[in-house]
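Under the heading NADPH binding site, Swiss-Prot lists Thr7, Gly8, Ser9, Ile10, Gly31, Lys32, Asn33, Asn113, Glu115, Gly187. Taken from Swiss-Prot, the feature 1-deoxy-D-xylulose 5-phosphate binding site applies to Lys114, Ser134, Glu135, Ser158, His181, Ser194, Asn199, Lys200, Glu203. Under the heading Mn(2+) binding site, Swiss-Prot lists Asp133, Glu135, Glu203.
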Amino acid sequence: MVVLGSTGSIGKNALKIAKKFKVGIEALSCGKNIALINEQIKVFKPKKVAILDSNDLNGLEPLGAKVFVGLEGIDAMIEECVSNLVINAIVGVAGLRASFKSLQTNKKLALANKESLVSAGHLLDISQITPIDSEHFGLWALLQNKALKPKSLIISASGGAFRDTPLELIPIQNAQNALKHPNWSMGSKITIDSASMVNKLFEILETYWLFGASLKIDALIERSSIVHALVEFEDNSIIAHLASADMQLPISYAINPKLASLSASIKPLDLYALSAIKFEPISMERYTLWRYKDLLLENPKLGVVLNASNEVAMEKFLNQEIAFGGLIKTISQALESYAKTPFKLSDLDEVLALDREVRERFGSVARV
């Protein structure tokens, strides 16, 4: 298989599962962590390797693997690969082209890159995509019982780093505090997206594209991250999916569902320790961006605006140019600005053009 973003949290776990399942690695790609990809090359001996920046070529030790550079290089590498499975764990809109290229070359796409569906779900062949996500894996598992007719899909949120922070202190928080996730060990972007609830807005849009626009879609807070998803059926019964907070479960099913179902990749749950499970509504006072959930479901192509504004604000937030309130304000202003715009977005070029436009318009934000 091919692992894009092999040095990140998902990529490292994917390689762990590949080793366990004895799946060969044809190609790897990374952003900046050349030291780690060099280690991965030694262990997995890929035939092809892609890195983002040509300045890193000197430090790369490909050990005979063919080397590709940049986003265009990743596209070319995917095209040359004979593997029928691509794991796309590239962070941000940078992973969008790789998703398109994987599907264009008739590969199955195991998708951890949320931005692909958020920005271009209407252009992707959903039948060839397996989401690498605990919530969507949970929904998929719950929807296997075809005898029951689903009415609404509910995903859970942990509440992120600021779930107990006094409301008046949230706007002045910095990136260091936002990165203290209570339950998961993840990359910096998704951890901050959890604090802002942008991650859950992304997942709501992913649910829309993956499982059908006709169903009611919502989210709630479940602090322990044990309940990942719930489905309410037409008979008013509800079934929940419970599992340890470990991404190896959805990754293993994305790589090989048969082997994943026969051997455990996560710790068993201690049912007697589950007395603390409690569901809470997502407070719009605490998570002000949550008020855009219905707008995004009514006009899901606004996902391009949500993602682009979030990425430019995130960069400034991580660079300590703005506080958390500035990040929220940037995204709010962008969504308000485009709320009534009818989008066509009939191909990838139009999606990327809107993405660039939003970045240019909202790239300079006020310090808050």
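Using the three backbone atoms N, Cα and C, a Cβ is placed for every residue, glycine included.
Mapped onto this structure are the features recorded in Swiss-Prot.
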residue : record                                      : DSSP class
Thr7    : NADPH binding site                          : coil
Gly31   : NADPH binding site                          : coil
Lys114  : 1-deoxy-D-xylulose 5-phosphate binding site : helix
Asp133  : Mn(2+) binding site                         : coil
Asn199  : 1-deoxy-D-xylulose 5-phosphate binding site : helix
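Least crowded of the binding-site residues (Ser9, Asp133, Glu135), judged by neighbouring Cβ atoms within 10 Å of its own Cβ: Ser9. Those same-chain residues not listed among Asp133, Glu135, Glu203 yet with C-beta within 8 angstroms of the centroid of the Mn(2+) site C-beta atoms are Lys114, Pro131, Ser134, His136, Phe137, Leu139, Ile155, Phe202, Glu206, Thr207, His228, Ala229.
Ser9 (NADPH binding site) sits 12 Å from Asp133 (Mn(2+) binding site), counting Cα to Cα. Long-range neighbours of Gly31 (NADPH binding site) (same chain, six or more residues apart, CB within less than 8 Å of its CB): Gly5, Thr7, Gly8, Ile51, Leu52, Ile90, Val91. Fewest Cβ neighbours within 10 Å among the binding-site residues Thr7, Asn33, Asn199: that distinction goes to Asn33.
Taking the C-alpha positions, the distance from Asp133 (Mn(2+) binding site) to Lys114 (1-deoxy-D-xylulose 5-phosphate binding site) comes to 9 Å. Cα of Asn199 (1-deoxy-D-xylulose 5-phosphate binding site) to Cα of Glu115 (NADPH binding site): a distance of 10 Å. The CA atom of Glu203 (1-deoxy-D-xylulose 5-phosphate binding site) is located 27 Å away from the CA atom of Asn33 (NADPH binding site). Spacing of Glu115 (NADPH binding site) relative to Glu135 (1-deoxy-D-xylulose 5-phosphate binding site) is 16 Å (Cα to Cα, whole number). Cα of Glu135 (1-deoxy-D-xylulose 5-phosphate binding site) to Cα of Asn33 (NADPH binding site): a span of 28 Å. Just so you know, the Cβ of Glu115 (NADPH binding site) picks up 28 other Cβ atoms within 10 Å once every protein chain is counted.
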